[in-house]
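Worksheet: one structure, shown below.
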Amino acid sequence: MASSRSVVLRVLVAVAVVAAAGAPRLAVADSPPLQDICVADLRAATAVDGFPCKPTASVVSDDFFCDAIVQAPSTSNPFGVNSTRATVSAFPGLNTLGLSITRTDLAPGGLNPPHSHPRASELVLVLSGEVMVGFTTAANRLFSKVVREKELFVVPRGLQHFQLNVGAGNASFVAMFDSQSPGLVTPTFALFATQPAMPMEVLAKTFLMGEDEVGAIKSKFAGF
């Protein structure tokens with residue numbers, strides 16, 4: 001009887017191993033493309049996994065080219081930062097490829113405020129200047145580093161992170177994402193610049209402030 005149970009146990013273990021080996025893996029980025037090219041038809045409605053493909057006969061070489069990040073955007077704003085995004089909307093050839101890129105410029109002391117990308121990890125390549133890049137984990141631990149020209153820093157998917165110009169002059173970097181639509185969530189705006197407005201009581205209790213103090217903060221984000 002013991003021998004019989006041992007055989008059954010070995011069979012069950014073998015079945016479990018085979019099943020685990022053949023089980024589908026959880027996707028950690030955009031779904032892989034099912035054809036060589038699928039240039040976005042920007043006139044069509046967006047689908048869950050990207051834009052529909054434009055007819056192959058209508059595809060041209062320029063669909064796979066983009067110069068959106070060549071020029072430095074103006075950084076004349078309270079944060080001293082501006083970004084130019086080369087996502088699928090501006091770069092149709094990215095459709096279904098699971099890629100996008102952003103150029104960000106920072107004035108001296110400029111800050112790209114804490115934010116997250118819920119659908120992508122981010123690889124930062126500094127083009128010029130000195131940029132402190134940092135992210136926080138779910139355990140409230142901060143990882144940060146001053147990144148200089150041609151150096152890289154990676155931010156894991158979905159984590160809050162920031163970029164601060166700590167150099168004497170302007171700074172610029174590109175951020176590469178493993179999604180054609182990484183998404184952007186900035187907590188400051190998500191709390192103080194929502195439409196309709198976040199209830200005052202929620203903000204006052206969250207930040208242990210009086211409503212007059214919350215109102216003063218909200219007034220700074222009017223128009224964002």
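The backbone N, Cα and C atoms fix where each Cβ goes, glycine too.
For C38 (disulfide bond), other Cβ atoms within 10 Å of its Cβ number 21. Taken from Swiss-Prot, the feature disulfide bond covers C38-C53, and the record attributes it to similarity to another entry.
Positions annotated as domain 'Cupin type-1' by Swiss-Prot, on the basis of sequence analysis: 67-215. For the domain 'Cupin type-1' (67-215), DSSP puts the residue distribution at 21 helix, 57 strand, 71 coil.
The Cβ of N82 (N-linked glycosylation site) lies under 8 Å from the Cβ of P73, S74, T75, T104, D105, each on the same chain and at least six residues away in sequence. Residues or ranges marked as N-linked glycosylation site by Swiss-Prot: N82 (among others).
When Cβ atoms from all protein chains are considered, those within 10 Å of H115 (Mn(2+) binding site) total 17, not counting its own. The Mn(2+) binding site annotation in Swiss-Prot covers H115, H117, E122, H161 and rests on similarity to another entry.
The N-linked glycosylation site annotation in Swiss-Prot covers N170 (among others). The Cβ of N170 (N-linked glycosylation site) has A72, T75, D105, L106, A107, P108, S128, G129 as same-chain neighbours under 8 Å, each 6 or more residues away in sequence.
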Rounded distance in angstrom between the Cα atoms of H117 (Mn(2+) binding site) and C38 (disulfide bond): 24
Cα separation, C53 (disulfide bond) to E122 (Mn(2+) binding site) (Å, whole number): 26
Any further residue of that chain within 8 Å (Cβ to the Cβ centroid of H115, H117, E122, H161) of the recorded Mn(2+) site: S116, A120, F135, V155, L159, Q160, A175, P182, L184
Intrachain C-beta neighbours of C53 (disulfide bond), sequence separation six or more, cut-off 8 angstroms: Q35, I37, C38, V39, A40, D41, N95, T96
